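**Student:** So that we are looking at the same thing, I have put the structure below in structure tokens.
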């Protein structure tokens, strides 16, 4: 058991989504013991800016049968049995950070929509995050009605009715609604049981060519490190298919920017995996699920400060195409989501600049042609993606980018 435990990798990614300050990070801490806001600005402002990952083990008590994430049952003190390891992706709920949430959404196998019981439902980002889940086609959703310690029974029931009304006709229509207090750990066992029942581990084919979406990239060298001690750049993200091994040669697309005749172009790069980290451990092989860190031979200058975020990693010659222009079959929403007042979505116009989220990448696209339910765009930064993939489309309204629909990449 001890040996197996050492190398356990999370097998499913669960997004924590919802309006700013409704308790996503507190709930992640209640489930995992990890406070995911570690960015200095996050601690100062009390909101999540970057995407945080934290793992937890889903366990069941062999004595009382209750679920928890702890080796010893918090309810009766007996040992618990390991079921599976899951990874929580804590997304920003602040409206200015919606595009960051969409990048994380592309890695989610399920989601917990956190809704505070002490505020009217829905709040703007509650609506926006649910729409984001709908756009990416995510149906494995649980609703955590949080902060029930702040309201009386009547208020909690009124809020429950508002939630039921809000989810009618959406992908979350049949989602279980679980009242909890993340702060006091109340009803967390019921939530963990719901995760086990409603967010299954997807069937994955490890024989497919590996593909990893890069969410973060780092230079882990401290200033003043002597040259012989420098280590290569690190890529952080999630494997969506296949597996990666230490020693593998990998290609990164669209790669790194360079200038040619005054224009910025991108060139794919190849490197070797020198180390792999999953679940906080160094491993020889990594699979889909959880955050994976790849140590490479890349110049750390290329990976510092998330410069490689939005790239796709795989075996050389096996990755999807890189697009500098996209043709999309467009599906627009009726109304703009995320704004306090309801606005109708205007049709897309020629020469309009839209923000596109493609996997973990985001890029601006200039609309060059319009057809019936189709548009063509010239991209500011190229993207690596499969034909048929979904792309979230946002438009600038006022000073913010607002989700207005999605597109499907056409050949």
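For all residues, glycine too, the Cβ spot is worked out from N, Cα and C.
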**Student:** According to Swiss-Prot, which of these ranges is region 'G2': 36-40, 41-45, 46-50?
**Tutor:** 46-50
**Student:** Give the range, chosen from 2-9, 10-17, 18-25, that Swiss-Prot lists as region 'G1'.
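**Tutor:** From Swiss-Prot, the annotated region 'G1' range turns out to be 18-25.
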**Student:** Pick from 78-81, 82-85, 86-89, 90-93: which range has region 'G3' per Swiss-Prot?
**Tutor:** 90-93
**Student:** Write down the Cα-Cα distance for residue 73 (Zn(2+) binding site) and residue 23 (GTP binding site), rounded and given in Å.
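**Tutor:** Cα-Cα, rounded: 24 Å.
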**Student:** Quick check: with 61, 64, 73, 76 left out, which same-chain residues have Cβ atoms within 8 Å of the centroid of the Zn(2+) site Cβ atoms?
**Tutor:** 62, 63, 65, 66, 74, 75, 77, 78, 80
**Student:** Can you tell me how the residues of the region 'G4' (146-149) break down into helix, strand and coil by DSSP?
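**Tutor:** The composition, in the requested order, is 2 helix, 1 strand, 1 coil.
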**Student:** What's the number of neighbouring CB atoms sitting within 10 A of the CB on residue 183 (GTP binding site)?
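**Tutor:** That number is 15.
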**Student:** Got a sec? Which of these binding-site residues, 76, 148, has the most Cβ atoms within 10 Å?
**Tutor:** 148
**Student:** Please report how many Å separate the Cα atom of residue 61 (Zn(2+) binding site) from that of residue 146 (GTP binding site), as a whole number.
**Tutor:** 24
